[in-house]
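So the structure is just underneath, and the comments pick up after that.
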Amino acid sequence: MTIMRKTHPLMKMVNHAFIDLPTPSNISGWWNFGSLLGLCLILQILTGLFLSMHYTPDTLTAFSSVAHICRDVNYGWLIRYMHANGASLFFICLYFHIGRGIYYGSYLYKETWNIGIILLFLVMATAFMGYVLPWGQMSFWGATVITNLLSAIPYIGSSLVEWIWGGFSVDKATLNRFFAFHFILPFIIAAMAMVHLLFLHETGSNNPLGIPSNSDKIPFHPYYSYKDLLGGAALLAFFFTIVLFFPDALGDPDNYTPANPLNTPPHIKPEWYFLFAYAILRSIPNKLGGVIALVLSILVLALFPLLHTSNQRGLMFRPISQTLFWILVSDLFILTWIGGQPVEPPFIIIGQVASILYFTIILILFPIAGLIENKLLKW
């Protein structure tokens, strides 16, 4: 008798994706982050669903409804802090996942990589709109500043901004539509993640050595299913430590003040996971130039497959490229720090140098290092 999981139309799909999937025998903990991102997404959709039952997308009551959730709803405080910190956790996993892709050359699976970039844009849009919903000071001013960037687009800019706002400023219409989009986007992200997985399973996973592993594959279950469970348990332990002991560590105190269009906060800044891009935006004195640099800071990831010059796939045996990779990581930490600082010396020049270094490493130094390493290995 044939096994049901191999014949049933629905179970067959699950079987091919999570049970009998041939997987390289040597993939490390860095390959855990895909499943951890799936866990984060499920967590965010569930907590978000329960929050939406008590939240009201109205300028007069939004802030109060969040306070009501924290004070009067059973475990509302827990759901709210899980959702708020879940976003941070999502981005931590996302950045590790992208870093792994760059380090081990996974970007050479072009379809998977490009869908990943689209997913990154979708997650960033969702997080930005979610940050606006509590209608605190930083919510309101963050929404005003970021949406205003679109006015830099020539000719249609100001009309586009007013169209997005639904009026002449960020107001009730804006909050309402942001809530609608914030609710629907995670489901679109889930669908895109399935497409991401579909394309990955066309080629099979990469591995730390960056060599074909068809001669040495093992079934995903039980080996990697249990490895993912361990990763998930570690992630949840870390997550609940933050949620239960330091729930406000990653947030902005300004968001505990209700939105006031007449009072601008001294330092308008986004959540920590956008600070590197915000620093790149601010380091260019021209508005349109800044917006282009902001978009390119993420879109530059799409150029990785085109700029790959090495005859080896990953950075495992390439010390020059490894050094550049870790300088790039350090540079991103510097940009994140600068994004949270006021626009004054010496932060301006540090931000500008770090921004130039970011693009220089990716666009110029990585390809040159690849060619040098080929030469050194006489390939």
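Cβ coordinates are placed from backbone N, Cα and C, and glycine is handled just like the others.
It should be emphasised that the depicted structure is a prediction, and the values quoted were computed from it without experimental measurement.
Copied over from Swiss-Prot:
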- His83, His182: heme b b562 binding site (BINDING)
- His97, His196: heme b b566 binding site (BINDING)
- His201: ubiquinone binding site (BINDING)
- 33-53: transmembrane segment (TRANSMEM)
- 77-98: transmembrane segment (TRANSMEM)
- 113-133: transmembrane segment (TRANSMEM)
- 178-198: transmembrane segment (TRANSMEM)
- 226-246: transmembrane segment (TRANSMEM)
- 288-308: transmembrane segment (TRANSMEM)
- 320-340: transmembrane segment (TRANSMEM)
- 347-367: transmembrane segment (TRANSMEM)
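Locations of recorded Swiss-Prot features on the structure.
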| residue | record | Cβ contacts under 8 Å, 6 or more apart |
| --- | --- | --- |
| His83 | heme b b562 binding site | Gln44, Thr47, Gly48, Leu51 |
| His97 | heme b b566 binding site | Phe33, Gly34, Leu37 |
| His182 | heme b b562 binding site | Gly48, Thr126, Met129, Gly130, Leu133 |
| His196 | heme b b566 binding site | Thr112, Ile115, Gly116, Leu119 |
| His201 | ubiquinone binding site | His16, Ala17, Leu21 |
The transmembrane segment (347-367) in contact with the transmembrane segment (288-308), cutoff 8 A, at least 3 CB pairs, sep 6+:
yes
Can you tell me which recorded stretch out of 33-53, 113-133, 226-246, 320-340 has the most Cβ pairs within less than 8 Å of the transmembrane segment (178-198)?
113-133
When you scan the chain for residues with a C-beta under 8 Å from the transmembrane segment (288-308), skipping those not six or more beyond its ends, what do you find?
98, 102, 105, 107-108, 110, 113-114, 117, 120-121, 124, 149-150, 152-154, 276-278, 280-282, 355, 358-359, 362-363, 366-367, 370
Quickly jot the same-chain residues contacting the transmembrane segment (33-53) by Cβ under 8 Å, restricted to those at least six beyond its ends, or write none.
69, 79-80, 82-83, 86-87, 89-90, 93-94, 96-97, 100, 130, 182-183, 186-187, 189-190, 193, 197, 228, 231-232, 235-236
Give the three-state DSSP assignment (helix, strand or coil) for His182 (heme b b562 binding site).
helix
Quickly jot the same-chain residues contacting the transmembrane segment (226-246) by Cβ under 8 Å, restricted to those at least six beyond its ends, or write none.
29, 32, 35-36, 39-40, 78, 81-82, 85-86, 88-89, 93
